[in-house]
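Under the heading signal peptide, TrEMBL lists 1-24. Sequence annotations record features per position, and here TrEMBL assigns domain 'GH16' to 1-214. Per TrEMBL, active site, nucleophile is recorded for Glu100. Here TrEMBL flags Glu104 as active site, proton donor.
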Amino acid sequence: MGDARILIVALVALFAFDRRFVHANFANDTVPSWGAQNVRISADGENLTLTLNNQTGCRIDTINRFMFGSIEMHIKLVAGNSAGTVTSYYMSSDGSAHDEIDFEFLGNSTGQPYIIHTNVYAQGIGNKEQQFYPWFDPTSGSHNYTIHWNPSEIVWFVDGTPIRVFRNYETLGIPYPSKQAMKAYSSIWNGEGWATEGGRVKIDWRSAPFVAGYARLGLRACVWNDSQCVSTYPSSTLAPDQRTQMATIRDSYMIYDYCRDTTRFDGKTPPECSQPQY
Ligand SMILES: *[C@@H]1O[C@H](CO)[C@@H](O)[C@H](O)[C@H]1NC(C)=O
Ligand SMILES: *[C@@H]1O[C@H](CO)[C@@H](O)[C@H](O)[C@H]1NC(C)=O
Ligand SMILES: *[C@@H]1O[C@H](CO)[C@@H](O)[C@H](O)[C@H]1NC(C)=O
Ligand SMILES: *[C@@H]1O[C@H](CO)[C@@H](O)[C@H](O)[C@H]1NC(C)=O
Ligand SMILES: *[C@@H]1O[C@H](CO)[C@@H](O)[C@H](O)[C@H]1NC(C)=O
Ligand SMILES: *[C@@H]1O[C@H](CO)[C@@H](O)[C@H](O)[C@H]1NC(C)=O
């Protein structure tokens, strides 16, 4: 897709927002792709639970692929002892040099904080993690986790507050997810090898089954039909007050930033880290 076409789609999006794709339904718009026996969709298709038990975890995929969009999901994380479990909500393309945008929720022992883990892969390369503690109890109710992806930036939103931006610096030769359409995925899996305190705390199967609740899937995204976009997506960018909100959250709740992890990359941080972040 050429830059000119991206620009036209973005301009069209400002004026002709296609509401057909706003509200999605799990029964009609997603399909289980792993551990189907642990996927439960409510009769009206509006709510979903994903369960990890001693047999398997599970995953659902959107049927459509998207090229840019705002993909919204409300999630109630596993309550109680969730140590070693990973609940996720992410977008990904296929193949070896894939693109991916992640929200992963790393469980913890009862009373200990979850970690909201974010990452982005461009052309198969990840290693761009940022992690946050939630400023609320993510297990007592549903919260809005939205991935906003457009040609100029990716924004991770939690309950309407942006927590991270990854900007497009392709003009500086830095890979950005801009050429591969992605599906949205939701899953729960056994991550005890790394999830909780770096893999020190294992799953206690006496606490199983581990159940995460999903609702209000919203696909304000451009549907990709294998050759082009056949709808539009919101192209909005952050307002100044949202940037201020984000800075406040990052000051208080960010617990890991790959851009500050100098020991990890032989003393050098990746090139995007020396550019404006948002
Ligand atoms: C799901 O698809 C069925 C069959 O096409 C349709 O009758 C129904 O209205 C759809 N439900 C929703 C919530 O979109
Ligand atoms: C798996 O969980 C089921 C249900 O709680 C239990 O009956 C079974 O013994 C467990 N199996 C193993 C191998 O732990
Ligand atoms: C969820 O968050 C997104 C991003 O801020 C926002 O556009 C959307 O309106 C929110 N949804 C609800 C139901 O508030
Ligand atoms: C779990 O709780 C411990 C102790 O409070 C904390 O150090 C850790 O960061 C928490 N989160 C994870 C995912 O390990
Ligand atoms: C569906 O999810 C919404 C939002 O989390 C929640 O308010 C509602 O009670 C759920 N409905 C069912 C049937 O679980
Ligand atoms: C995609 O949509 C365009 C425009 O509607 C159409 O011309 C093209 O044939 C479609 N391609 C596929 C693979 O469906």
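Even glycines carry a Cβ here, placed using N, Cα and C.
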Problem - Nonlocal neighbours by CB distance (under 8 Å) for Glu100 (active site, nucleophile), same chain, sequence gap 6 or more - result: Tyr90, Met91, Ser92, Ser93, Asn119, Val120, Tyr121, Gly126, Pro177, Met182
Completion exercise
Sequence-ordered list of residues in the chain of the residue listed as 'active site, proton donor' that lie 6 or more positions away and have a Cβ within less than 8 Å of its Cβ, or none, is Val86, Thr87, Ser88, Tyr90, Ile116, His117, Thr118, Asn119
Fill in the blank from the handout: Confidence over the domain 'GH16' (1-214), expressed as mean pLDDT on the 0 to 100 scale, is 91
